[in-house]
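What follows is a set of notes on a single structure, which appears directly below.
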């Protein structure tokens, strides 16, 4: 045990003596959060500026303008025709609604007309206004049609409508889709950082063999198995801290709500650390030098990261690439987190969890097999 603790301490000293490793372990996952924040943009609501050109001064046009003023995120102002054209061109107004003469009579006849909406911003703006405005006007038109031209009957119906005791309460629901997308991107970068962190830590095994440190250690009571196991322990320690640190920063500093309990995200990602360490050790046991291990890591890590959908949704990839992604542990991590965001219970995703453990077991079995094939127990690669 004393030898193990010394090896772990020594590995940590060697690792963090290089300041680049601090960037890899801590800053790279945070870079994913920054990218997610920039690509998803701002969620701040903006007001829609609407101008009213009223050529027919009537109670109905006044009430219609008042209705528009009551809408959330809509600012209404009275303008003339020339002002409307000028302000729309300059961008001061998003759209202008014109009530021409004859509007009131057309509504009373049950056939609304003599109204126009102008904008240079297209249907994205006019569609929002039309959906509310035309619904309101259609209600009044139904009253006019029911009155059959009798102004007194219409006034009575219209007055009852305006003074209706029926109230409508609206509540704004938070849009979770943006936070879900940001969480997806952040986790994608975190998975990449975890893989390269594991690869960087495992590469120490080869480097210390190259500089003969490993062989000097074996002249002490330290065994080869203890040496390798201490490296795995250091990798676990660093990656657990890396995962918890990133999740803490995402939720408490950048205020990105993943829509999943903290412990569920942590459990899924910590299971992946086993796969990451196992895959990193595979690159070491099949390499005879640190350069070879680094090249093998680049050959394995980046393609699997991209194919598994860490940088973009897997749904946009061609069908054959989607099928390949099902054989990658990163894909199952993202799939598990996505299903949890969709409201599925953690215990119902036991198959996903078993598959993640299966990947880790398969990688470690390959490593153990390669170790056992060595004729000299002192040679672990």
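Each position is counted from 1, following the chain as shown.
Glycine too: its Cβ is placed from the backbone N, Cα and C atoms.
According to TrEMBL, the transmembrane segment annotation covers 21-39 (among others). Beyond the transmembrane segment (21-39), the same-chain residues lying 6 or more positions past its ends with a Cβ under 8 Å from any Cβ of the stretch are 15, 181-183, 185-190, 192-193, 196-197, 200, 238, 241-242, 245-246, 249-250, 254, 256.
According to TrEMBL, the feature domain 'ABC transmembrane type-2' maps to 151-374.
The transmembrane segment feature in TrEMBL is assigned to 187-206 (among others).
As annotated by TrEMBL, transmembrane segment applies to 227-250 (among others).
According to TrEMBL, the feature transmembrane segment maps to 262-286 (among others).
Annotation comment: TrEMBL describes 298-314 (among others) as transmembrane segment. Residues of the same chain lying 6 or more positions beyond the ends of the transmembrane segment (298-314) and with a Cβ under 8 Å from any Cβ of it are 184-185, 187-189, 191-192, 195-196, 199, 279, 282-283, 321-322, 324-325, 328-331, 334.
The transmembrane segment annotation in TrEMBL covers 349-369 (among others). Beyond the transmembrane segment (349-369), the same-chain residues lying 6 or more positions past its ends with a Cβ under 8 Å from any Cβ of the stretch are 268, 271-272, 274-275, 278-279, 281-282, 285, 329, 332-333, 335-336, 339-340.
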